[in-house]
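**Student:** Just passing along the structure, written as structure tokens.
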Amino acid sequence: MTPQQLTEEYIFAHDLREASAKIYRAATKALLKHFGPTATVQDVDHRAVLGWRRKVLEQGLSKRSWNTYSNHLRTIWGYAIEHELVTHSQVNPFRKTTVIPPRRASKTVAAEAILRARSWLSMQVGAERCTGDRARITPAWFWLCTFEVFYYTGIRLNALLCIRKRDIDWDNQLILIRGETEKTHKEFVVPITEGLVPHLSRLLQEAEKAGFADDDQLFNVNRFSPHYKSKTMNSDQVEAMYRKLTEKVGVRMTPHRFRHTLATDLMKAPERNIHLTKCLLNHSNIQTTMSYIEADYDHMRAVLHARSLAQGALENVRKVDYSGSPQASAKPKPCGQPLARVGEVPPPEARTEPSEPREHTQETGIQRGPTSWEAEAVPQPPDTFEQSVLFTLMAQHLSNRAATASAVPAATSGSGGRGSAARDSLA
């Protein structure tokens with residue numbers, strides 16, 4: 001028996017959605033590409049599968065894609081072993097062949113990009129209406145409606161393709177998503193919001209004009225334009241529209257990214273409700289919903305800032321030491337009366353009262369710097385860079401002069417006349 005025959009046997013024995021059967025066949029096709037079209041199930045053993053894995057990963061296949069192949073083929077072989085379709089071995093060759101993929105950030109679409117995409121689609125609608133010419137995506141009104149349904153509801157692509165005309169409950173403003181069309185096999189409804197009403201209203205009106213029956217596929221572009229020949233709309237047509245939209249806007253957009261974006265936006269809202277988000281996306285568990293949500297870094301920054309305020313961490317961060325060279329970002333605190341620069345003497349009427357004398361050090365007689373003021377919890381006096389430089393030069397000059405004066409008596413103790421001459425010259 002060949003791997004392809006095994007796959008068809010598995011699909012025949014299970015009630016699979018078309019999309020699921022497509023994935024099983026794609027995994028089998030990838031296997032035959034490596035092992036050859038004439039390969040049999042006996043050729044596929046555990047070591048051969050590991051060799052295939054190494055080869056395709058080295059060629060650039062993503063780990064997630066490999067895991068998709070491995071998981072689906074393991075399911076097929078498990079079914080074959082259980083039902084004795086494979087008798088040469090009871091060991092599943094795909095057991096423990098998955099790899100750990102990197103955790104990627106949630107794929108969301110920025111609000112600004114969504115606005116640009118909506119604006120471009122609206123322009124296409126207006127251009128078609130005014131000129132009668134075919135837009136780049138036609139009919140533009142239909143694709144704008146499709147875009148808005150994904151934006152407002154976050155439903156899966158397959159769910160949109162399976163919506164029938166009868167699934168729109170206009171009286172209660174609800175859309176029914178049938179369980180047989182869903183990945184989770186659960187039936188649910190999504191509300192029709194105010195922003196979606198005009199788009200769905202036109203879609204239903206056009207469907208009435210085209211003679212749609214209640215069980216007909218509602219989102220079927222082929223029945224709204226003579227430029228399409230297919231009887232039903234498929235995922236390729238929707239994905240082709242989103243590729244054009246991505247090219248125009250410059251930001252990757254897909255229906256599934258709109259699901260991630262909706263989940264993230266709902267959890268950013270003040271009335272965030274994880275259960276509501278889970279139900280709207282029709283997930284089986286909370287963990288899946290949480291994996292859809294992108295981290296809110298603005299909220300994270302605010303929480304971290306509140307923590308630092310509560311623990312007094314910013315009190316030390318905000319202190320600036322002006323004793324060193326000034327930084328471009330460091331600015332002195334404003335004072336009530338600006339100080340005059342060196343060489344500038346304020347006029348008599350502008351002069352202020354002399355300030356209280358400041359404490360001086362015993363060694364040099366120079367007032368203490370900012371470090372001493374901070375250590376004693378005394379408010380720092382206003383300071384400028386020019387004054388700091390002047391005080392530093394004066395301190396160095398006085399220190400050098402004092403050191404020279406103390407060295408002169410030692411030099412003159414052995415030669416009185418020469419010492420007097422030296423003092424005269426230093427003076």
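From the backbone N, Cα and C atoms, a Cβ is placed for every residue, glycine too.
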**Student:** May I ask you to indicate which of 185-211, 266-292, 401-427 is given in Swiss-Prot as region 'Disordered'?
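**Tutor:** Region 'Disordered', as annotated by Swiss-Prot, spans 401-427.
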**Student:** Please count the residues of the domain 'Core-binding (CB)' (1-81) that DSSP assigns to helix (H, G, I), strand (E, B) and coil.
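**Tutor:** Split into helix, strand and coil, the domain 'Core-binding (CB)' (1-81) gives 64 helix, 0 strand, 17 coil.
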**Student:** Of the active-site residues Arg156, Lys183, His283, Tyr292, which sits closest to His256 (active site) by Cα distance?
**Tutor:** Arg156
**Student:** Long-range same-chain neighbours of Lys183 (active site), Cβ under 8 Å, sequence gap at least 6?
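**Tutor:** Lys183 (active site) has long-range Cβ partners Arg17, Arg156, Asn158.
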**Student:** Arg156, His256, Tyr292: which of these active-site residues has the sparsest Cβ neighbourhood within 10 Å?
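**Tutor:** Checked Arg156, His256, Tyr292; of these active-site residues, fewest Cβ neighbours within 10 Å: His256.
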**Student:** Would you mind checking how many other C-beta atoms are within 10 angstroms of the C-beta on His283 (active site)?
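**Tutor:** Taking every protein chain into account, the count is 20.
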